[in-house]
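Engineer: Sending over a structure as structure tokens; questions will come in a sec.
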There are 6 protein chains.
Amino acid sequence: MEKIVIKISGSLLYPPDKKYYEKTREVIGKIINKGYRIGIVVGGGPLARSYINSLRELNIQESILDILGIESARLNALSLSSALQPYSIPKVPKDLTEAIEIFSNNLIPILGGLQPGHSTNAVSMVLAESLNANVVINMLNNIDGIYDKNPNDPRSKKLDKITYKEMEELIKNMNQIAGGYELLDHVAFELIKRSKIKVIFINGKDPENLLKVINGEKIGTELIPD
Amino acid sequence: MEKIVIKISGSLLYPPDKKYYEKTREVIGKIINKGYRIGIVVGGGPLARSYINSLRELNIQESILDILGIESARLNALSLSSALQPYSIPKVPKDLTEAIEIFSNNLIPILGGLQPGHSTNAVSMVLAESLNANVVINMLNNIDGIYDKNPNDPRSKKLDKITYKEMEELIKNMNQIAGGYELLDHVAFELIKRSKIKVIFINGKDPENLLKVINGEKIGTELIPD
Amino acid sequence: MEKIVIKISGSLLYPPDKKYYEKTREVIGKIINKGYRIGIVVGGGPLARSYINSLRELNIQESILDILGIESARLNALSLSSALQPYSIPKVPKDLTEAIEIFSNNLIPILGGLQPGHSTNAVSMVLAESLNANVVINMLNNIDGIYDKNPNDPRSKKLDKITYKEMEELIKNMNQIAGGYELLDHVAFELIKRSKIKVIFINGKDPENLLKVINGEKIGTELIPD
Amino acid sequence: MEKIVIKISGSLLYPPDKKYYEKTREVIGKIINKGYRIGIVVGGGPLARSYINSLRELNIQESILDILGIESARLNALSLSSALQPYSIPKVPKDLTEAIEIFSNNLIPILGGLQPGHSTNAVSMVLAESLNANVVINMLNNIDGIYDKNPNDPRSKKLDKITYKEMEELIKNMNQIAGGYELLDHVAFELIKRSKIKVIFINGKDPENLLKVINGEKIGTELIPD
Amino acid sequence: MEKIVIKISGSLLYPPDKKYYEKTREVIGKIINKGYRIGIVVGGGPLARSYINSLRELNIQESILDILGIESARLNALSLSSALQPYSIPKVPKDLTEAIEIFSNNLIPILGGLQPGHSTNAVSMVLAESLNANVVINMLNNIDGIYDKNPNDPRSKKLDKITYKEMEELIKNMNQIAGGYELLDHVAFELIKRSKIKVIFINGKDPENLLKVINGEKIGTELIPD
Amino acid sequence: MEKIVIKISGSLLYPPDKKYYEKTREVIGKIINKGYRIGIVVGGGPLARSYINSLRELNIQESILDILGIESARLNALSLSSALQPYSIPKVPKDLTEAIEIFSNNLIPILGGLQPGHSTNAVSMVLAESLNANVVINMLNNIDGIYDKNPNDPRSKKLDKITYKEMEELIKNMNQIAGGYELLDHVAFELIKRSKIKVIFINGKDPENLLKVINGEKIGTELIPD
């Protein structure tokens, strides 16, 4: 039985869109029925950013801003875990042990953030390690994979595959400010390198894309070792 | 030393407005320096409503929607408690005992919701009881007190005082659906009646109003026993 | 598979009577074997009242008295959950999420109170919501249902059905003092109205009555929408 | 500043007697004002025994019966900690670390039991160790100290002092069944021997006796090393 | 289905030996496959002693030293529970209720210590009670059972059986200092006497011995009632 | 009042050396008396490595190995916090909020690790942020600062200052395997860059070096922005 970790961009979950939640529940149900076991990590997205940006102007400590981001992601996770019943229960694990416990009861653990200094991308990697998952599917917000340039650049084009090294170049200039994690931050990337888990970036706007990946269709961008 | 519980409408805290947080911190600092001791309860406001409304359409259990409302209020509480440092610490009490503990360390406990079926107005009353507070100041969103009719009715006028009985009439038709608590729900009202704590409703849009009330100015609406 | 929430009066559990516990275990076993899934909420009863009444005379805060009532109910819940092994485990959920988690492991969650301002009757309603239960069976202490007058009045008679409106009239004069909840307090009643869950009041003195209700016998009083 | 641990028999606290709580608060206040720092441990007493005796007949596991005893003692502790405000807060520490934390905030930690197999007498010893207390004052229920024979024997007489060895003889035949701990069980005694903390047994029925001991009056029985 | 509690000496688990962990996992797997259900308690061993001995010289409180011992045992327990996946999960229960919960999910709960004043031997007894286990198998470090004299004495010989009374004589002179528990301390012994659970001491150095005992081979020493 | 975070290498704390603990307590006492406020983070050191290395050979998940490292560091933290009483209490914060709470009570919070993927160096940075500390003093094990080459190389020499960029070069080839963090891992380094907190590396073998740094002596290596 294959195990999958799904990372969902916070932008896809807040403001909450009834149809998106409904569609996601339907797709998750199909994947479960195919015999897969799933863990989910969701981001804080615009909810996190609205708190963080306002409070940063008040000179609140960066690590406290991180905590606001974590709790925002957890609220999205609670919302999603409510919607995905009975595949999940409305409870957000606060650490990996709780996640493993829920998973061992054949339920989907749905996590937000864990601790300051860690993006939810990084969380998806440690969750994948903990559950012995074979792959992390990263559902991006309204973009269909990783681009060779700034995706707003008309000359940019989507990559089918990208190596660790190439990826590293892309994320080089990203900064570690709370709420500013994008694509893959340094921590997440270090974890990918240590675990060698397969990561596939897809457009999360349509949950059906999850099924496509699982059925072996070549969509999105696959991150591969050098 | 007088003890005060302040209830802040969630609409005032999300989306977060840097200036509002800043002003609130300044006013709270002044009140503390006058020798008052403070407990705060914040609502879930539009954040809570956005989750609740979407998920209700998916037929999620009402009590789980309540929990989403509680966690939304707690996120607002975390945000405010971060901003009110060093008068508070970035920690949201999950029950009254934790609130009492923080209060006994001379810090401001800042709570969101507590349990399904309870509005944050009700929480402000049990917090007031627990801290032996003399008054609850209820900061409304952009309205300066309680009106004798629907405030949108041009013939309505703000009341300076309102008795329990009159209040009871006003709230009679309000329903108990999660996120639908307004002014004062039944539970909160029952708690007011048992505790006989003074409640003053003011326009929370300008935090200075807090100082005015404390200085004895007659603004807003005072709820009084029959 | 039908889901049932059972509310047991605290008076039936303390002082503990070995035979009552034994009989209850036997009946619960039969219900489980018929394929039903169960959640239980127990009251604080005389144990709660003895603490509350003494400490109220010392002017302890009402919400702290509520907490004493909650912990008394939890002690009854622990006692019952010990006795109902292996259908339950000796652990009392502190919130609905824990209750859902135990339930999802095919065990009976047995709750006492949750938070100040909430009767255990109110808890039974939010538990029913959370578990998607179809009915709450309320086991009264030594009275076989709801009466049209004070049951001590010889002219009073037991009602087979009672509408929300009629019920509301009956409970109108009950007060919200800690430990003073009877039949159905305001909060519980508001929750019934929002959830429209069927509630049946029976004489809990004989646990066999539970089986009778489940087998469709018309005993006790059924609370019905207007 | 001298540190004292007070052990109070559960029989003195349940059924709760308003006057006893009131008197105890008064005496504790006086001791605090003399500059002493205090930790308290209370027993489960008749409350614990009522649950344990009934459930033992149902063949519930002994260690679960212990847990019922612990939670009963904690309910007494919660009740007492509510009554002793503001010297304490209504929170019962679940382990020594929490007790130390409350104590370091200049509040009285009030504990019930800790773990199966441990009497509350044993808890009073580990608490005394943890707080570096100089003495444990053990308030017995309606007996003024330790007797050389069964106190019901008219020839018995109260001892002013008793050595470890003599004490050991006295407790030899006591058994370890849950709720059956009396005077000093084996575990508590082992802990006394390792810590060499002074233990004084007094009649707890009159809280004034606490003050007498602290003022150096020779009442009760002192347990002394061989 | 028979239930077994296994107590493993801390000396066998730290410093960690990859082969020992591997062999233990293999043997546990075989026992599970035979249909047994298992709970495990591990000691603190040399890890606990190194902390305790150093800090005792600094006059740290004995009960805090106990806590260091407990946490050392829990670290061994975490290590073992990681290695015994998927029969266990990497989570160490902090109380019996958590242990029962894990066990009821068909996983092996693996505990370290519980509370000051309690050896891990005592913990193995209360765990056995809680799980209704029929036997405790005590895996000693590199000695094949209980000897009639100091095992270093060349005239000593291993006993096949030992009665409670004989055992009591043997442990008489052992002291209760933190980290100094050996074979069976007083608390553990009291618990054995109350529960009458069968205890078998074997050489834990070779995990295969576990299988031998379960298959009915007469190895080690069996502790029997008088 | 200046605030300092001290990071202590796990190698300095385990195996525990009574004299080192004693000396550290003495030095910390002096620093406190000078009016500084302190937070401490300790590493897992050889204790962590012994578990991690053995269990990695059994193919245990990397993130679970991280958790073993975290718990090892917490055991060192518990040990140190016991020894540093009364400046600290024997409790190890599990998240930043708990650390802030202890700190706000004028006690030293002493943390081990927080979450998988995070070294204790990274923890020291988020703690410094949370406490608004001005500097992190990093006590290395038996080396007096950062060297321009492998310190075993006889041509290497200690640097008095090192810029972020130079540091980044030095750590480039370090890998992220659990327990393999040295000097400064990538995560810690990202956090330093975002917070711009001053970091000074000193030889931790002699706790007196702490006092020297605080007194303004130029020892060790200071990490400075480019």
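Note: Cβ is positioned from N, Cα and C throughout, glycine not excepted.
Feature annotation from TrEMBL assigns domain 'Aspartate/glutamate/uridylate kinase' to D:3-203. Residues or ranges marked as ATP binding site by TrEMBL: D:Lys7, D:Ile8, D:Ser9, D:Gly10, D:Ser11, D:Gly45, D:Arg49, D:Asn142, D:Tyr147. What TrEMBL records for D:Gly44, D:Asp66, D:Leu114, D:Gln115, D:Pro116, D:Gly117, D:His118, D:Ser119, D:Thr120 is UMP binding site.
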Engineer: On the three-state reduction of DSSP, what should I expect for D:Lys7 (ATP binding site)?
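Structural biologist: Its secondary structure by DSSP: strand.
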Engineer: Of D:Ser11, D:Arg49, D:Tyr147, which binding-site residues come within 10 Å of D:Thr120 (UMP binding site), going by C-alpha to C-alpha distance?
Structural biologist: none
Engineer: Need one number for the ATP-binding residues D:Lys7, D:Ile8, D:Ser9, D:Gly10, D:Ser11, D:Gly45, D:Arg49, D:Asn142, D:Tyr147: the maximum pairwise CA distance in Å, whole number please.
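Structural biologist: That value is 24 Å for the farthest Cα pair.
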Engineer: Have a look around D:Tyr147 (ATP binding site) and count the other CB atoms within 10 A of its CB, chains all included.
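Structural biologist: The Cβ of D:Tyr147 (ATP binding site) has 18 Cβ neighbours within 10 Å.
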Engineer: When you tally the Cβ atoms that lie within 10 Å of each candidate's Cβ, which of the binding-site residues (D:Ser9, D:Ser11, D:Thr120) has the highest tally?
Structural biologist: D:Thr120
Engineer: About how far apart, in whole Å, are the alpha carbons (Cα) of D:Arg49 (ATP binding site) and D:Pro116 (UMP binding site)?
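Structural biologist: Roughly 15 Å, rounded to the nearest whole number.
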Engineer: Starting from each candidate's C-beta and looking 10 angstroms out, tell me which of the binding-site residues D:Lys7, D:Arg49 has the most other C-beta atoms.
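Structural biologist: Its Cβ has the most other Cβ atoms within 10 Å: D:Lys7.
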Engineer: Can you tell me whether DSSP puts D:Tyr147 (ATP binding site) in helix, strand or coil?
Structural biologist: strand
Engineer: Taking the binding-site residues one at a time (D:Gly44, D:Leu114, D:Pro116, D:His118), which has its Cβ surrounded by the most other Cβ atoms within 10 Å?
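Structural biologist: Checking each of D:Gly44, D:Leu114, D:Pro116, D:His118, the winner is D:Gly44.
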Engineer: Mean pLDDT for the domain 'Aspartate/glutamate/uridylate kinase' (D:3-203), as a whole number?
Structural biologist: 91
Engineer: Near chain E, which of the binding-site residues D:Lys7, D:Ser9, D:Gly44, D:His118 can you find when the cut-off is a Cβ distance under 8 Å?
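Structural biologist: Correct list, in sequence order: D:His118.
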Engineer: May I ask for the distance between D:Ser9 (ATP binding site) and D:Gly44 (UMP binding site), taken between their Cα atoms and rounded to an integer number of Å?
Structural biologist: 8
Engineer: Between D:Leu114 (UMP binding site) and D:Lys7 (ATP binding site), how many Å separate their Cα atoms?
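Structural biologist: For D:Leu114 (UMP binding site) versus D:Lys7 (ATP binding site), the Cα atoms are 14 Å apart.
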Engineer: Given the recorded UMP site (D:Gly44, D:Asp66, D:Leu114, D:Gln115, D:Pro116, D:Gly117, D:His118, D:Ser119, D:Thr120), which additional residues of the same chain have their Cβ within 8 Å of the Cβ centre, ordered by sequence?
Structural biologist: D:Gly69, D:Ile70, D:Gly113, D:Ala122, D:Val123
Engineer: Which of the binding-site residues D:Lys7, D:Ser11, D:Tyr147 has its Cα nearest to the Cα of D:His118 (UMP binding site)?
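Structural biologist: So, of the listed binding-site residues, the one sitting closest to D:His118 (UMP binding site) is D:Lys7.
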Engineer: If I take the alpha carbons of D:Pro116 (UMP binding site) and D:Tyr147 (ATP binding site), what is the distance between them in whole Å?
Structural biologist: 28
Engineer: Go through the binding-site residues D:Lys7, D:Ser11, D:Tyr147 and tell me which ones have a CA within 10 A of the CA of D:Gly44 (UMP binding site).
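Structural biologist: So the list reads D:Ser11.
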